[in-house]
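Below: one structure, written as structure tokens.
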Amino acid sequence: MAAGPLRGLAVAGGGESSDSEDDGWEIGYLDRKSQKLKGPLPVEERQETFKKALTTGNISLVEELLDSGISVDTSFQYGWTSLMYAASVSNVELVRVLLDRGANASFDKDKQTVLITACSARGSEEKILKCIELLLSRNADPNVACRRLMTPIMYAARDGHPQVVALLVAHGAEVNTQDENGYTALTWAARQGHKNVVLKLLELGANKMIQTKDGKTPSEIAKRNKHLEIFNFLSLTLNPLEGKLHQLTKEESICKLLRTDSDKEKDHIFSSYTAFGDLEIFLHGLGLEHMTDLLKEREITLRHLLTMRKDELAKNGITSRDQQKIMAALKELEVEEIKFGELPEVAKLEISGDEFLNFLLKLNKQCGHLITAVQNIITELPVNSHKIVLEWASPRNFTSVCEELVSNVEDLSEEVCKLKDLIQKLQNERENDPTHIPLMEEVSTWNSRILKRTAITVCGFGFLLFICKLAFQRK
């Protein structure tokens with residue numbers, strides 16, 4: 001193999017920042033035109049030549065230098081070994097040669113292992129997978145964490161590699177371990193928006209209810225990062241995928257998870273997981289994948305499916321068993337309606353503090369659902385406006401309704417602010433009353449927090465409706 005220039009620098013895997021990002025690997029050419037060593041070299045020059053042979057991928061020269069006596073685990077500047085560098089650029093052949101020459105697959109520098117470096121490499125999943133297979137075959141531990149307590153499976157999930165995730169689990173990687181911030185592999189996949197990895201982790205037994213240190217579940221992390229498909233999928237209580245592959249033996253897992261279609265092109269061997277749309281994600285979560293073709297044939301979208309009644313489902317050829325699954329899921333997704341008639345009359349002074357607080361919590365929750373619905377429309381409308389049949393009604397009608405909504409939300413916001421001021425006034429009067437016994441600080445703080453949150457939510461909903469109105473006006 002001819003020597004060539006280095007195209008990029010090797011950086012520490014896992015996003016760890018340090019003053020050693022180049023790790024002593026300089027851009028340049030081999031000084032010697034020949035791939036053969038013409039004679040013995042001094043130790044320092046021999047190490048420099050070894051480093052340049054690694055950066056250019058000159059395997060024949062690497063082997064010759066190893067034959068001349070240089071150690072395969074030679075540490076270069078900042079402590080990286082030749083195997084760590086080869087893994088960081090997903091050079092499969094170089095990794096194989098170094099391992100065959102006795103390189104330590106379990107080496108780590110400041111808890112940065114070779115396996116972590118390989119999992120966080122910038123390369124195709126095919127090359128990364130092959131490098132990791134080689135390292136695991138030499139007993140690299142898939143559960144050793146870095147300084148931030150991130151394990152290899154977390155890096156693979158973060159970077160969107162479902163096949164790598166599956167391989168690591170098949171070799172004993174813990175699915176639900178947490179890093180220093182409480183993130184699991186599933187949390188990382190949800191945060192980055194990798195749907196295929198999320199589905200694979202759920203099959204492998206990932207627990208979607210594990211919370212981060214700030215109390216967020218993977219679904220909430222997905223929502224915060226605007227990955228609404230993943231949020232909707234993870235929000236479903238029913239999860240037929242969970243643990244589907246968990247009881248398989250190691251050999252069965254590897255065989256099942258890495259099986260590919262031999263008729264596919266080589267470049268697509270490791271891309272067997274296609275991107276799912278909204279409808280596919282919903283059906284997959286309910287174990288109703290077999291309905292996908294039927295619904296697409298009848299041109300039934302997810303939004304249409306979510307509005308269908310039981311008799312409509314039956315007319316479209318959906319079996320009673322599948323109907324039950326769909327109706328149960330729809331019930332979970334319904335926005336809880338506030339029954340204002342059940343609220344005791346304030347004028348009769350029969351309302352309790354708990355009932356009033358419960359009312360505010362329900363109101364706040366419903367506003368949150370409405371905000372999410374409007375956000376979905378704002379997200380989809382500019383990109384998929386061709387899917388909305390505007391011919392059914394004039395766009396001016398939509399704008400007019402939006403204006404009324406904004407006006408109503410402004411009125412609601414004004415009334416909530418009045419309510420907040422009134423409660424604050426009553427609270428101040430009670431505190432100044434010498435006969436009043438003050439409540440615990442935590443209770444008043446919590447009530448105040450609920451009121452503030454409700455007011456902010458209502459104001460935010462009004463702002464979103466205003467943006468929605470502008471979007472319709474542009475159309």
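Cβ coordinates come from backbone N, Cα and C, glycine included.
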**Study point:** Swiss-Prot annotation of region 'Disordered' - which of the ranges 1-25, 51-75, 226-250 it falls on
**Key:** 1-25
Practice item. Sort the residues of the repeat 'ANK 1' (45-74) into helix, strand and coil with DSSP and give the three counts. Key: 20 helix, 0 strand, 10 coil
Point to revise | Structural state census, the repeat 'ANK 2' (78-107) (DSSP three-state) | key: 18 helix, 1 strand, 11 coil
Practice item. Go ahead and report the DSSP secondary structure tallies for the repeat 'ANK 5' (181-210): helix first, then strand, then coil. Key: 17 helix, 0 strand, 13 coil
Practice item. Give me the mean pLDDT over the repeat 'ANK 2' (78-107), rounded to a whole number. Key: 87
